[in-house]
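Residues annotated as active site, proton acceptor in TrEMBL: His71. Taken from TrEMBL, the feature substrate binding site covers Pro166. Residues or ranges marked as Ca(2+) 2 binding site in TrEMBL: Thr197, Asp233, Asp240. Marked as domain 'Plant heme peroxidase family profile' by TrEMBL: 30-312. What TrEMBL records for 1-20 is signal peptide. Per TrEMBL, site 'Transition state stabilizer' is recorded for Arg67.
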Amino acid sequence: MGKDGVVLVVLATMVVMSSAGFDFGGSNGGLSMQYYVMNCPLADQIVKGTVNAALQADPTLAASLVRMHFHDCFIQGCDASVLLDSTKDNTAEKDSPGNLSLRGYEVIDDAKDKLEQQCPGVVSCADIVAMAARDAVFFAGGPVYEIPKGRKDGKRSKIEDTINLPSPFLNASELIRTFGQRGFSAQEMVALSGAHTLGVARCSSYPTMMDTNFATSLSKTCAAGDKAEQPFDVTRNTFDNLYYNTLSRKTGLLFSDQTLYSNPKTRNVVNGYAFNQAMFFLDFQQAMVKMGKLDVKDGSQGEVRQNCRKLN
């Protein structure tokens, strides 16, 4: 596709996003699309350049950056609490079992360092995590979407809070309830689960209700132990809708994934996304923007960290 074609695709996507209720100029819940336009106008470009360079070197980091954003927002809101290191007096979120496999912290650090050189004390780590996830999705072939900024970095990060992270062993009804408590519909939950089109899962998390032939083939992979990994779908570094096709074939890797197809409340959504990638992309970007607004901190509740790994 030539340059003109790319421009047309981007413009068409923006038209769709605008008609779907995306605000490109105003503010929403204290966040604004134009938040850094005066005090750090190159913020988006700096984060995108950093993320793209990292993903060109290691495409598998795309899944990690998207997952990091989710693990941040679902606990204490989108406030970069997942980035804080543990101290002698406190065990932080990142050292909980559910977060030990997170990767990509150095990408956030690199972006933060560049932003501090360009506009010191302006861009929050929480915004960097949100922007990095957005850019990782697009780099991997997913939808282009914009996010409002203005999140502040939280001052709390405790391992006990991560008990609220959804477990890979939850069934669809439990997932509907868990996401519902954070304001998401069942459809939005299924759309967000589509992030599993990127990345891998470990053998210790595999379900028992998968296709027999697929289970036999996985047993060879898992002979290496519980930490052996298998891609969620055949295009592990490409953002597409193949994840939903795996569920309809009963070849989902996680119990929490495969249960979306076995439950009648979510099966139709899975089938819809498996058939229509454009619909999945639109619903995913809307759900991601909504997730990025969870419990954001303002100036009185948070700060802009100088170092994303520790409080000022």
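Using N, Cα and C of the backbone, Cβ positions are placed for all residues, glycine too.
Predicted, not measured: the structure shown is a model, and the values here were computed from it.
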Where Asp240 (Ca(2+) 2 binding site) and Pro166 (substrate binding site) are concerned, what is their Cα separation in Å, rounded?
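Cα-Cα, rounded: 23 Å.
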Out of Arg67, His71, Thr197, point to the one nearest the residue listed as 'substrate binding site' in space (Cα versus Cα); all of them are recorded positions in the record.
His71
Return the residues near His71 (active site, proton acceptor), defined as same-chain residues 6+ apart in sequence whose C-beta is under 8 angstroms from its C-beta, sorted by sequence, else 'none'.
Val82, Glu93, Gly98, Asn99, Leu102, Leu165
For Arg67 (site 'Transition state stabilizer'), write down the residues of its own chain that are at least 6 apart in sequence and whose Cβ falls under 8 Å from its Cβ; none is a fine answer.
Leu102, Ala195, Gly199
On a simple 10 Å Cβ count over all chains shown, which one of the binding-site residues Pro166, Thr197, Asp240 is most densely packed?
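Selected residue: Thr197.
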